[in-house]
Amino acid sequence: MTEVSTADQETPTPLHDEEKMLLNYVPIYVMLQLDIISSDNVLQDKAGLERQLMQLKEASVDGIMVDVWWGLVESKGSKQYDWSAYKSLFQLVQQCGLKSQVVMSFHQCGGNVGDTVNIPLPQWVLDVGKTDPDIFYTNRAGNRNTEYLTLGVDSLPLFEGRTAVEIYSDFMKSFRENMGDYLQAEHFTDIEVGLGPAGELRYPSYPEKQGWVFPGIGEFQCYDKYLKADYKEAAIKEGHPEWELPDNTGEYNDKPGSTEFFGSAGYSTAKGKFFLTWYSNNLLKHGDQILDEANKAFLGCSVKLAAKVSGIHWWYKDDSHAAELTAGFYNLNDRDGYRPIARMLSRHNAVLNFTCLEMRDSEQPENAKSGPQELVQQVLSGGWTENIEVAGENALPRYDHTAYNQILLNCRPNGVSKDVPPKLKLTALTYLRLSDELMQRKNFELFKTFVKKLHADQNYCPDLRKYGKVVPLERSKPKVQIEDLLKASETIQPFPFDKGTDMSVGGPLADYGDSLYISKTQLTEGKIR
């Protein structure tokens, strides 16, 4: 029998109070400007960026997030990668003592809320679209969306002999090969894999470039020839060769009640359920396939994979959930459209990153039947139920106490825990975004308080292992059949959230001042989404 040493029998050293509080620590990463790398693939204003990064470091920010644009890196031609600008960027970020979250951005920059920069897909890809425009998502009227390749071409070798998935896979492999030193040094904490427009796992159902205005229901984006053929094949297999894609779903800026599909509950007929299942399942399969490639590309690296899901909160309180359905989230009052995504992510040990953490129901216009607070509660609860890590973002720039306190509540819905790890806690927060407005003295002082509260009033901690998991990425678990993923669509009671955070950045007077700020913003912008 092997003898067990006295040392092996010793109980773990009890944690000090400070170490216990660190278990409540939520790291914060600040998104860099969209155009920090110029359209000709050069790092912009290095000296100015360094000053801002050092300010973030002095504010105890943990790191930054940056989009790694496919349209810049592989712009010269198929498999012709230029990583030089990003190497310069990561060297600077590392020198400033910050970590990096990186987004594999396989989408176009431009055409979405807050986009002020235009970075299209690589020209050699767009050239394929000139002769075959069906490589892009298409609405019922035939309008093409060049933000992201339709998932209908994921497995078709239309791009100089490569499929879309092979393109994404090769890009990520090249990133690993060229950023080996930074990966080895654990500079990157997360690799977020772009899975759709704006980097989000969804269809481009509400494009501003095509005239969508909040709170329009959006339109289904499955009328390219590849997805039409896929649907026809699925309908025949189902025994209904006569079923066609719906033509009664309305237009971008309609309300649910003005359409037959949503207003007359066409979505609840046998044909409607079949279509919505097909539409949302394709999105699940798309995310699963690309994350599997990401897992292979970064296998063994001490990074986390992540995927972003958009917070489509308008019409959430309408029975139809119309805006969610057109985006690909088959979420109804009696069906959970998000937990199957979380279950799919669990196969790849991936983090679910969800948006709109700053929003409150009371800030939304009544006619939008919006429910951001309930939506966040549902999605985060679904992720935790599926035993995956959950992270979050704010959807729009906010610099006020009200928004910060709402984010803090969602980061730790049941507050800090002084003796054991909190049951519910986000693994990280990504803050949108670094800007001159954020750096204004009044805004930045409050932001620094916000950072301190995210850190549970603890000092900046450079060791991620003291408050989270840092392990080499293991191979994805065996493929989960779609039927098993859909078992997670059964609705569950969300975890109860406290009414307010126990780490507030300000009290009633501050909130009153912020209400004036929000009212002024609403008058200026016409709305808050």
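The backbone N, Cα and C atoms fix where each Cβ goes, and this holds for glycine too.
These come from TrEMBL:
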type	residues	note
BINDING	ASP67, HIS107, ASP115, LYS308, HIS313, THR355, ASN394, ALA395, ARG433	substrate binding site
ACT_SITE	GLU200	active site, proton donor
ACT_SITE	GLU393	active site, proton acceptor
Residue pair HIS313 (substrate binding site), GLU200 (active site, proton donor) - Cα distance, angstrom, rounded: 15
Listed binding-site residues (HIS313, ARG433), ranked by Cβ neighbours within 10 Å, top entry: HIS313
ARG433 (substrate binding site) versus GLU200 (active site, proton donor) - Cα distance in angstrom: 17
Same-chain residues at least 6 apart in sequence whose Cβ lies under 8 Å from ASN394 (substrate binding site): THR355, CYS356, LEU357, GLU358, ALA403, ILE407, TYR431, LEU432
Number of other Cβ atoms within 10 Å of the Cβ of ASP67 (substrate binding site) across all protein chains: 24
Set of same-chain residues at least 6 away whose C-beta sits under 8 angstroms from GLU393 (active site, proton acceptor): LYS308, ASN353, PHE354, THR355, CYS356, LEU357, LEU429, THR430, TYR431, LEU432
